[in-house]
Structure formats: structure tokens, C-alpha cells
Amino acid sequence: MSGQPTAVDCLESSGSTVEDVQETPASREKSYGLPVRKGENSLESPAEQAAKDVEIEELTHSEAIAATGSTRKQCPYGGKAPDEPGKLADESEDRKGENTKAIASSPVLVAVDSDSSVELIESPVKFSSANESEKDPPKPDAVNEAAAKEAEEMTDSSISSPTSESFPEKDEKTNKENEQEPPGMEVDQDVEESISRPAEEYKIENTLKGHKRISLTEIEEHKIVDKKDDVLEVELEKGTAPKAAEDEKLNALLSDGDVFYDKECVNCNCTKLHKQYVLANMATLNFYQVLRKSSKQQFLCMGCHDTAMDLYEEYAGQLMAKQPLLLKDFHQDHADFVALDSSDEEEEEKQPEKSDFSKNKLQLIEDELDDAIKNVLNKVDFTAQLSWSKTILQAKADHLERQFALADVELEKVQTTADKMHCALYNSCPVAHKHLPTLDIEPSDYVHEVPPPGEIVRPPIQLGETYYAVKNKAIASWVSIKVIEFTESTAINGNTMKSYKIRYLNTPYQMIKTVTAKHIAYFEPPPVRLTIGTRVIAYFDGTTLSRGKDKGVVQSAFYPGIIAEPLKQANRYRYLIFYDDGYTQYVPHRDVRLVCQASEKVWEDVHAASRDFIQKYVEKYSVDRPMVQCTRGQSMTTESNGTWLYARVIDIDCSLVLMQFEGDKNHTEWIYRGSLRLGPVFRETQNNMNSSSAQQLRVPRRTEPFIRYTKEMESSSKVNQQMRAFARKSSASAQNNALAAASSAATPAGGRTNAGGVSTSNSASAVRHLNNSTIYVDDENRPKGHVVYFTAKRNLPPKMYKCHECSPNCLFKIVHRLDSYSPLAKPLLSGWERLVMRQKTKKSVVYKGPCGKSLRSLAEVHRYLRATENVLNVDNFDFTPDLKCLAEYSIDPSIVKDTDISKGQEKMAIPLVNYYDNTLPPPCTYAKQRIPTEGVHLNLDEEFLLCCDCEDDCSDKSKCACWQLTVAGVRYCNPKKPIEEIGYQYKRLHEHVPTGIYECNSRCKCKKNCLNRVVQFSLEMKLQVFKTSNRGWGLRCVNDIPKGAFICIYAGHLLTETMANEGGQDAGDEYFADLDYIEVAEQLKEGYESEVDHSDPDAEEDNGGPDAEDDDDFRPNYHYQRKIKRSSRSGSTQNSSTQSSELDSQERAVINFNPNADLDETVRENSVRRLFGKDEAPYIMDAKTTGNLGRYFNHSCSPNLFVQNVFVDTHDLRFPWVAFFSAAHIRSGTELTWNYNYEVGVVPGKVLYCQCGAPNCRLRLL
């Protein structure tokens, strides 16, 4: 041993080598806040230190014995009591005497080892030893003698740790620990170097090592006992009784004398290598972070018990040795876990009875506790511990700060290098910048010199001035002229009119003509804005007109017409011009010229082909101006040259729509959106004026145009009408795309005359407004609900996935009922997990089954459910990323007026809430299904049902007989539609099927939850009836609803047409719904067949061409066009000159604003309904007095639900089920609405305004 002391840091886990230091221990301890010894080495004399250390040693042994609960005889150094008590006791006394003698000669007793715990504190129940136990230990006597001799040779009173020279085995172990240390231990090494002890202290520690070798010999004896324990366990498993001697040894081995078998260790990370268990005390429970239960016993295996006690011994030894605790790195690895306790166990736990103490006793107890705590803290010098901890933490913080500063410098260097690389990369290909001259582009839509409003003044015509005048015919283009003379002429009625002799300008030869002031227009634009009905000529841009592939474009020129729309912001300050020949176009003010004279009734000056339409337009512009609402890509029937053709919307410009006709002609044309040439507008006019023809319902297409009305149209009811007396919702409502803001709702259902013979008076009665619901203006102050996002606390997380074949064993056993939860929440409460993955801007959903298998589509989920025989169904899953499965709309329970309006008839309760007043809905008997009344013969015989025999949950639509019924109906009108997109797609209906859906029925051999059974199940969605602010009662969803999900059916009384008319007069018709499936399907077929073009290709080629020369024929007919064709082929027609001038006739084919063909809307003679009887008419579903929750759905022009006809219990086409499906993802708390498909004007004397507030609102329902 060297003469100079060596400094060894106290950090146990660092294991760093010893370095020679020249500093004194006092200076180092003072620099790090440790207590400074007085004098040379210590604060106390050697004798006082020895006596105090003996006390610490005895106290430590007694605490260890008390903690383990051992009743065995203990040797002073943790060894086991031998079988011969006397002999070993004498040896122990000798060792104790020798050790005490050695301690008395030295002021230090305790030494802290760097790899285990305090040497003086050995666990009496320790069954495993260190590496030294594997070697042959020396004899106890020899060890004691060597330790005593070594203790006598100690001359220095300071404490020192062993060096690598004196303990080569320990140094080798320390080096191994250094290799396994993480990089973060450098901080502890820095702190270790700052706190050390003199090297001479290791002598006492050497002496104590001798005692540890004695204990190692005794641990070998414990191993023999362990082997006997193993034999004992084998015998217990075989059912034999253990031997008495072995039982006594086992009981003597245990700390508390009680050993248990077949128990469960409370340590969740237990390796389960031991089969012996002991009762867990509070110290071990706290170590493993387990709550104590008073109602049941808790056990620890012997290995976990020893581990906990060893760590507590290390804590106590470090504290009693007055060493900084923060220099000791205690590893305690515990994984986070959650203990699932049943509610029954919690109820069984009884609260311990509290004993009553008097105030004096309580005060005495508190004083005694305070004194005891203070004594313990003073004994371990707790104040010094706090000071040391502060110093160590500050040193670590300073070290981390220095490390962070170095990291910032390195990061800056790396960033600088990266910037240089970036610059070098992009400098290799320099970009040449070139400054171009400024380019000023004047916006084409910019408003130029919009004149102010004012009175229209027509100055008198002046001689010698330039004007515009008619050329040859009234509808031809007008050209520039000069007035040369005033003349007078006599009109047909005998009145004298002023005429003007004019000369045409820019002509190859002089041409003079006499015209009236009605055929002359001013040369300059008018100085004021023009109003509706003003007679003008306007410049027509011929480039916007296309009349076929082989036809030329009409030349641009001034043509006569009237002002249809004034300048306003909505049309970008342009005039809408209705030209005399039927064309329409928007024209700016600078291209409009005022006609010098016009009749008081301006339509008298208009060409006869457009006179009637313009007269009605001018008279009703401010009252009734219906126009078709459509979007790009939609199709509608449009009249072209006497034929109704399907045309597609190409573009929309305010009140004009650009239509492209299908067929060989394939021409485009701008048409006014209120023109009767458009099918929807023509039908509306027919409904209002033609009372003799029966009217069919509209074709329910998802993107079909509809008519929008204004609120100023009450006066239009003066027209004589004969219409039905009651309003009815159509069960075949058209579908909207609720997600598209520009999408339009379907057109209203067409009206029908009353089959029951009820007719209305020709004179319209007084208008009665039906908007009588109370409107609450202080809606913001009312208590509102809010959406709450729950989490599945009781859910068992999925297992780690291992490759296996899925079976029913993959599922968790669910003990709680799931009936009261929403369909999408059931998997998350049954051991499933729903993960939303994000990849850049794209999201995707992955379900993890209870066995850990990942499922990424509904097809995979369906296969998994079949393999595991799960009670869940495929409609309990959805892969929409934005959908919240556990979101729920919560309200104040105090405003709930009825907890369940179905009175238990539905599986899911339907509450009723009202936070406006205390009113309740009108009384209604709840009915889950339809109820036939007198005269309704509902045939429910199962023998008339077609059935299937599928065994694959009807997943193969090509083999299922029920699916084939649905597929056949769809492919009748759309043969190329893929079979995967027809009908339900894993119990989701994404679009309306006009021809109906046929579900599997009671005769089918498939399972009750097959993929073709949706509507026949009862309500599963959580819905809520509530009072709206302006529309009466409504229905909203409590949870999120995915797109295509089934909501409910519409149930009520089934009525005949006659009963509906009679009941409508008495009780009202607001809950009527037509079962009009047959009419819808038949008209869909008619619309499909009407797309076929049966006209002559030769006639179509020249219809409306610019070479038409007969101005007297304003309605070109088929015979005339054929005649023109023949004469053209024979060469009898005159070729036009190649050089055009203003003199050339620029006449266009006349286009009539009114159609030249009637749109057949009469009842088909071969209708399927006629097969059921001569007077057979659609049946009516009435939910006025009896019905289900479907009666509470309000109307919306942009609904989130659509209606689907489904055949379940009968295949009779007259009696489909009316089912509601979601048209889009509906968030919780949203009101559910559908399109009533009322038609405006079909009920005389009734006006109902729409208050849905949708962007495409029709404004009126009736």
C-alpha cells in the first residue's frame, strides 16, 4: 500500500479507477458542501467514532431482522444460525470480540462498497450470493484472524475505499460494469471525482470483507436448503406429505415462518422462477408500487421479496454511513401497468373502524412522533444530506449545461457545413435572371363607364345623321345608314305615320329604302341605364354559337331584341338580351343601341316566334321568375328543333346555361334558364296550366336540376288551375351530394290528380300560410348541448400479434352488455383498437383485433369476423378518418321531457328534449312497422318470396338470388355498372337505387346477419327528438354516423288514395308519404329510352343552319328542311358571295323560346300498376297519429339523408319499405333531414316557405 492516500469517488455505479490526488480530504469536502472534519481527520475522537459505529452496526442488524420478520437466530454478520447453537455462538462471540477490538483501534466502522450494498448490512433471507460465493470460501477462523491482524496494523483513522491494486477481483468486476454503463454516466463520474475519501479507510473495509466471506460460507448452506426445498416441492406436487425434518428446516429458513405455495406474486414483472411465497409487507408493496388491499392477502415470491429487501438494506446502509445518497445509483425498473379490479371487490372492502382518541392522547402521540422523527433525522444527519444533494444536483446541472453548449457548437458547425454543401450544389447550375418589360393586361370583366340611372329620352331623328336600321327582314342584322329625307306614310289602320328615307352605308352600290322610326336605332349608346322591356338592338358575338361540325359560325352584328335583365352586380353589369329570333346573350352597355321608337306594349314589336314568351316575361318579371337550378355536368331534357333530346350542362353564366346536345348533331347553345325549352321549366308550366293530364313523379336522380322560386309569386295563383288538394312527400326523393356546396337538390315530385275523384274549384281560394311554428329569437341564450369525446377505460388492449390462424379463441370474453352503445363504439369496448394513421396529408384507419391482427378494409374485417365467429357485425366498423367513434352529444338532463318516446319498443331509447318551453309533440302512438288499414291488401305470404341458399354471408352478389333481383333492376338502365357498386357495400348504401333493393328474407338459408340484411333490423343508432328554433320538432343524432349507414324506416298507417284524400281534409296531410316506387321506376325507363335519337340524320344536319333564306317560315319544319336539302344537292340554290359586306343577309335560323313539341307526361297505358286493377293508385303512408321516429325528420333542400325503397317481407311492388340512409358523414349533434319533394303550386291556397337555410334553398315548398 502506498503511503499517500488515494481518492476514490463514492458513486457506486461508475466503477471508475482510482487516481492519485494531492488535495486533502478536508479541502475537497469543503468545496462540495460535505462536513469538514476538525483537526487532521475527523470531528470525533477515534474512540467516540468506534463506539458510535458499533451502535450503528447493532441498529442496522436489528432493523434488518425486524424488516424481514425473521425469528431465527442470527449471527452478527448476517449468517445463518448453525445446527449446534453453542459452538457457533461461541465462534460468533469470538469473532464479535475480535471485530470489536479491531474497530476500537480505528475510528471508522462503515465502508460502502461500489458494487453491492453496505458491508455491515447483510440480508438474513438472502438466497443468492455475489460472484465470490461461487468460489471456495476460506475457513472462518483463518479469515477472522487475518481480518483482526489487518485491523491492528491500521494506523490512519480515515475511511478509504479499496483500490484496484488491493482487490484485483473487484477491479475486474468494476471494469465489466464500466463497459456496460451508458454514456450518460459521465456526469456521475465528474461528481465522483469531486468527492473522495482517504485511501487508508479501506483497511476497515477489508476487515469487514472478511466477515462477508464468513457469510458466503453460510450462504452455501442456504443453497443446500434450497435443493431440499426443490425436493419438497416435487413431493407436494405428487401429493405426498413432506418430511418433518425438512419442514422444520424450511420453517427455520423463512423470515416469518410462513411459506405458501400456488400463489400469485403481486410483482407484474416477476420472472416466476420461485415457487415459494411469503406475505408482502408494506415496504415491499411500496417498492413494487402496489396498493394494499385489506380484503385479501397479497404475496411475493422469495426472489422478488429478497430483491426488495436488498435494495432497502442498501438505502439504509448508505444513509447510516452518512454518505450522499445521490451518489448511489439505485436501479428500479418497473413497467407501467394498470390493475383491473372488479367493482364487487371494491364493495366488499370495508373501511377500518376508527378508534376514538382524546385530545390529550392525540397531542401526546403527535409530540412523540415529532420527537422520534427528529431523532432519526438527526442521527442520520439529514441536513447534511440535503446540502450534499443540492451540491451534487448543481454539479450535474453545470455539467449538462456545458454539454449542451458543446452540442450547440457542434450543431452550428454541422449547419454551416450543410449550408456550404447546399450553396455548392445549386451554384453548379446558376439561374440566369432576365428582366422583361412590363406587360399591362386590362381585365376583360372590368366594368367600363357604367352610365347612371335616369329617364330614357329618345331624341328626334335628324337629317344627315348616322343611325342603324333594319336591312331586309326584321329579324336580320341591322346596319349603319344615313337619313336623307322625311316622308309620311299611311299605316294599315289608317293612321298616318312618319317615315324616313335612308341610304345604306358601306355598300358597293347606292341603296335607298323607306322605313319607320321603329326600325331605326341610334348610332351611339344611350347615356342612361336601360330598364326591363326596353326595345334595343345589341351586338351579338357569333363566336359563342356552334351549330354542328360542318356549319359555319353566324357573323357578329347588331340584332333586335329587348332588355331582359338590367345592369346589376349579379350579372357583372351586363344586359341580358332576348333577341327576336330566340337567341339570348349578355351584352355590355357599350354594345347596346336604343331603338328610336317603340310600342307601349313592347312585345308587339317583337317577332311572332318570341312574342308570347316575351309578353309573359315582361308582365311577371317582378312577380314570378322561375329558373332551373343546375350545375356543370348535369343533364336534362331540352327541346331542339321539335325534338326532346338529352343535353348536358357545359357552362353557366348567371341566367344563361350552355347546353351541349347529344347525338350526331352535337351542337352547343346558350339557353335562358327560364326558357320552356328546358324540361324542368316545361313540366312546371304544364303542372300549373294543364289540369286534364295526369302528371307523373320526377325521376329521382342525384344530380338533377330543380326549379327555384321567389317569395313574390303569390299573385301568380290567379291563373286557373285544377290541382290536387293535399301535399305528399315522395318516397323516391332525389339525392343530393350534401358534401358539394354547389350541388342542387332534386326537382320536386310531380303532382298527380286525385284518383278518388276529389277536385278543387277553378277559382283559387285565399292563400293560407302554413309556416305557423313558433320562432325563438333568443336562441343563443338557451342551454345548448356539447360534444364529449370519451375513451374506453374498461377496454382490454389488443395482444401483441403473433403469426397464427384466427379462431374464436382470439376474442376476449366480454362481461358487460353493449346494447346501450352506438354501433361504432362496440368494437372499441370489446378489445379492438382503432388507429388513425397519417402519411403527409393523407389519413387512413387501421383496426387491430383482440389478437393483435391489423385490418385495413371492410373486406378484411368481414373475413376476420367470420373466422372468429364474432357477435359484432361489419357495420360496426368504418374506415373514415374524420369519424369519431366515441364522440357523443351531451345535454343537460334537466331539459329531458321523456326518456324514451318508443316506450321500450326500440332497442335504443329515444329521448325527447325541449329547452325552449314545456310543450310536447302532438300525441302519437309509436309503431315500429307499417299498419295496413281498410282497403289495403298486404300480402305477406312467404311462399311468394324468392330466396337464396348462400353460405358465405351473401358476399358473392353474382351467386345470391336475392342480390340478382337488385342487380337486374339496376342494369336495366345502366348495363355497364359494376356489380360491386350496386346496392349495399358491406351494409353501407352509398347511393340511391331507383329500381329498389331486395333483401334476404325469412326463407333464405343464409345467416341472420348476412351482408344483404340491413333495413329489417330495428333501430341501433342513438337519436334524439328535440325542439327546433323555427321548424317545430326535429330529430338529431347523438353519435357520429358514417356515410351510407341505415338510420330507420318510415312507419305509419297504410292508406288508399281515397282514404288519404278524406283524411287529409280532416286531420291534415303534413305526414303523408307516397309509395310511388312503380311510377319512379317506369319513368326512369322512359328517360333512358328517350335518350335514343330517332330523327333523320339528313334533317338534323341542316336544322338551324345559317344558310336558311326563307324569312316567312319562323318555325322550320321537317318537310321544309328536307326540301332545302334536296335543292342544295341539285345545285338549285344560289351560292353566297365570298366577299361579305353589311349588305349581305345575316339572318339566323329562328329559335323559339317555347318548345315545338309536347313533353309526354301522360300515364303509360301499359303501366305495371294497371295489372293490379283498373283504379289502382299509389298507396299513402300516414304517420299523423301512429308512426315511428321517421315522422320527426324535417325537410332540407340540402339534406343529409336520402330515401330508399327496400323489399323485405313482400315482393309486391306496391308495398316497399321506405328506409332512410345517411348521404354523408354526419357529426354528432347534427339534425337529420331529407327532401320532402313537395311541388310548388300543386296545393291551391297553401303556401309553405322553406326555412332550411341551405345554400341551394328553393325558398318555397308549396
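Yeah, the Cβs are placed from backbone N, Cα and C, and that goes for glycine too.
These come from Swiss-Prot:
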| type | residues | note |
| --- | --- | --- |
| BINDING | C948, C962, C1000, C1004 | Zn(2+) 2 binding site |
| BINDING | C948, C950, C954, C960 | Zn(2+) 1 binding site |
| BINDING | C954, C1000, C1006, C1010 | Zn(2+) 3 binding site |
| BINDING | R1031, G1032, W1033, D1069, Y1071, R1191, N1194, H1195 | S-adenosyl-L-methionine binding site |
| BINDING | C1197, C1250, C1252, C1257 | Zn(2+) 4 binding site |
| COILED | 353-420 | coiled coil |
| COMPBIAS | 26-41 | compositional bias 'Basic and acidic residues' |
| COMPBIAS | 50-61 | compositional bias 'Basic and acidic residues' |
| COMPBIAS | 81-99 | compositional bias 'Basic and acidic residues' |
| COMPBIAS | 157-166 | compositional bias 'Low complexity' |
| COMPBIAS | 167-179 | compositional bias 'Basic and acidic residues' |
| COMPBIAS | 1086-1097 | compositional bias 'Basic and acidic residues' |
| COMPBIAS | 1129-1141 | compositional bias 'Low complexity' |
| DOMAIN | 629-686 | domain 'Tudor 2' |
| DOMAIN | 818-884 | domain 'MBD' |
| DOMAIN | 946-1018 | domain 'Pre-SET' |
| MOD_RES | S215 | phosphoserine |
| MOD_RES | T217 | phosphothreonine |
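The maximum pairwise C-alpha distance among R1031, G1032, W1033, D1069, Y1071, R1191, N1194, H1195, the residues recorded as binding S-adenosyl-L-methionine, is 17 Å. When the neighbouring Cβ atoms lying within 10 Å are counted for each of the binding-site residues (W1033, Y1071), the highest count belongs to Y1071. If you compare Cα positions, C1006 (Zn(2+) 3 binding site) sits closest to N1194 out of the binding-site residues G1032, N1194, C1252. One way to see the shell of the Zn(2+) 1 site is to take the Cβ centroid of C948, C950, C954, C960; the remaining same-chain residues with a Cβ within 8 Å of it are D949, D952, D956, K959, A961, C962, W963, C1000, C1004, C1006, C1010, N1012. Among the listed binding-site residues, namely C948, C954, C962, C1006, C1250, the Cβ with the most fellow Cβ atoms inside 10 Å is that of C962. The binding-site residues recorded for this entry are C950, C1000, C1010, C1197, C1257, and the Cα of C1197 lies nearest to that of D1069 (S-adenosyl-L-methionine binding site). Secondary structure from DSSP puts H1195 (S-adenosyl-L-methionine binding site) in a beta strand.
Relative to C1000 (Zn(2+) 2 binding site), the binding-site residues with Cα atoms inside 10 Å are C960, C1010, the candidates having been C960, C1010, G1032, W1033, R1191, C1252.
In terms of C-alpha distance, the listed binding-site residues C954, C962, C1257 place C1257 closest to H1195 (S-adenosyl-L-methionine binding site). For C1010 (Zn(2+) 3 binding site), the binding-site residues whose C-alpha atoms fall inside a 10 Å radius of its own C-alpha are C950, C954, out of C950, C954, C962, Y1071, C1257.
Apart from C954, C1000, C1006, C1010, the Zn(2+) 3 site neighbourhood in this chain, defined by C-beta within 8 angstroms of the site C-beta centre, holds C948, C950, D953, C960, C962, C1004, K1007, L1011, N1012, R1013. Between the CA atoms of W1033 (S-adenosyl-L-methionine binding site) and C954 (Zn(2+) 1 binding site) there is a gap of 40 Å, rounded to the nearest whole number. In the shown protein chains, 21 other C-beta atoms lie within 10 A of the C-beta of D1069 (S-adenosyl-L-methionine binding site). Reduced to three states, the DSSP call for C960 (Zn(2+) 1 binding site) is coil. For the pair C1197 (Zn(2+) 4 binding site) and C950 (Zn(2+) 1 binding site), the Cα-Cα distance reads 41 Å. Residues belonging to the domain 'MBD' (818-884) score a mean pLDDT of 91 in the model.
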